Amino acid sequence: MAPPNKFRINAKNYFLTYPHCSLTKEEALSQIKTLETPVNKLFIRICRELHEDGSPHLHVLIQFEGKFQCKNQRFFDLTSPHRSAHFHPNIQGAKSSTDVKSYMEKDGDVLDHGVFQIDGRSARGGCQSANDAYAEAINSGSKASALNILREKAPKDFVLQFHNLNSNLDRIFTPPIVEYISPFSSSSFDQVPEELDEWAVDNVVSAAARPLRPVSIVIEGDSRTGKTMWARSLGPHNYLCGHLDLSPKVYSNDAWFNVIDDVDPHYLKHFKEFMGAQRDWQSNTKYGKPVQIKGGIPTIFLCNPGPNSSYKEYLEEEKNSALRNWAVKNAIFVSLNGPLYSGSYQGATPNRQEDNQTTTG
């Protein structure tokens, strides 16, 4: 007569179920962590659920560093710290740790220890298809959550297509651009030259009232004359300072105008696109796929005097004569002789314009 089958499970991932177990997740985790095994435990997830009669039970997922052979069906027994009671689990090898992990998440009452190990089988096994993984990623609500889901459930795509995934998820989960609220109302600037006021009235307007080809403006003046604060008080805008970042994270195609502040004209990419208020152009100033710019809005260029700042001096260079002839047809140039505000406004309490829905870059 053949001897009875001996208990033995040889697996890297174990799925345990403790029926009618009154232990808390923390009590169970503490005991499981102390179990001595020849291979390290890398990840433990404990889930607490209630039966229909209200009695609790626990599910446990354990991921080992390598295969662990268990020959003792009492090895994973837990004890109550409060009374004389033992809790014996149903023990299974988990073919797809990701499917088990997802199953345990359905009620949300889980406790994790360690770092979850990606299981290649999870992308092909069970009912988890690639479409399911991507649908879950899109519905996750954030780029970080979506990437984590794809890392677990579509590891091949995560490794081979990470660049595309990263770029596409940036577009899908583009956060709203932080609104800029000007600390000063435009009326706070009581020394604005008439030509600046006239330019703003004609060109800084909503899309419905905007000229087909608005005119840009270059404002040159010393530091602390109020150039930047005045420009940013005019309405919804894109603010680009020091360098250009036209990614959807910071650049809005719904802005009324651009402000380019303290960018050396020698290194300004898309000079004509900005100054000429050109429409429907592409930029790849940052690494990655080109960004489509709607355009058609004027730009305020702010600069200080000097060879590395002044747009006038840049355009007066002999090699830029053709560009100068083009620029004077597409922008006006204003040099400030003093601040845009009188002394009485210096140090005054700023007047906030709560309706000035501007964007920042």
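Glycine is no exception: its Cβ is also placed from the backbone N, Cα and C atoms.
As written in Swiss-Prot, here are the features:
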| type | residues | note |
| --- | --- | --- |
| DOMAIN | 8-116 | domain 'CRESS-DNA virus Rep endonuclease' |
| MOTIF | 15-18 | motif 'RCR-1' |
| BINDING | E49, H57, H59, D107 | divalent metal cation binding site |
| MOTIF | 103-106 | motif 'RCR-3' |
| REGION | 143-153 | region 'Binding to RBR1' |
| REGION | 156-176 | region 'Oligomerization' |
| BINDING | G221, D222, S223, R224, T225, G226, K227, T228 | ATP binding site |
Worksheet, complete the sentence: Minimal Cβ count within 10 Å, across the binding-site residues H59, K227, points to H59
Practice prompt. For T225 (ATP binding site), list the number of other Cβ atoms lying within 10 Å of its Cβ atom.
Written response: 20
Discussion item. Given a separation of at least six residues and a C-beta threshold under 8 Å, show me what packs close to G226 (ATP binding site) in the same chain.
Written reply: F189, P339, L340, Y341
Worksheet item: Under 8 Å Cβ-Cβ from D222 (ATP binding site), six or more apart in the same chain: what's there?
Response: N304, P305, L336
Practice prompt. Please report how many Å separate the Cα atom of S223 (ATP binding site) from that of E49 (divalent metal cation binding site), as a whole number.
Written response: 65
Worksheet entry | Segment-level pLDDT (mean, integer) for the region 'Oligomerization' (156-176) | 87
Item to complete: With R224 (ATP binding site) as the reference Cα, tell me which of the binding-site residues E49, H59, D107 is the closest one.
Response: D107
Worksheet entry | Other residues, Cβ within 8 Å of G221, D222, S223, R224, T225, G226, K227, T228 Cβ centroid (ATP site) | N304, L336, P339, L340
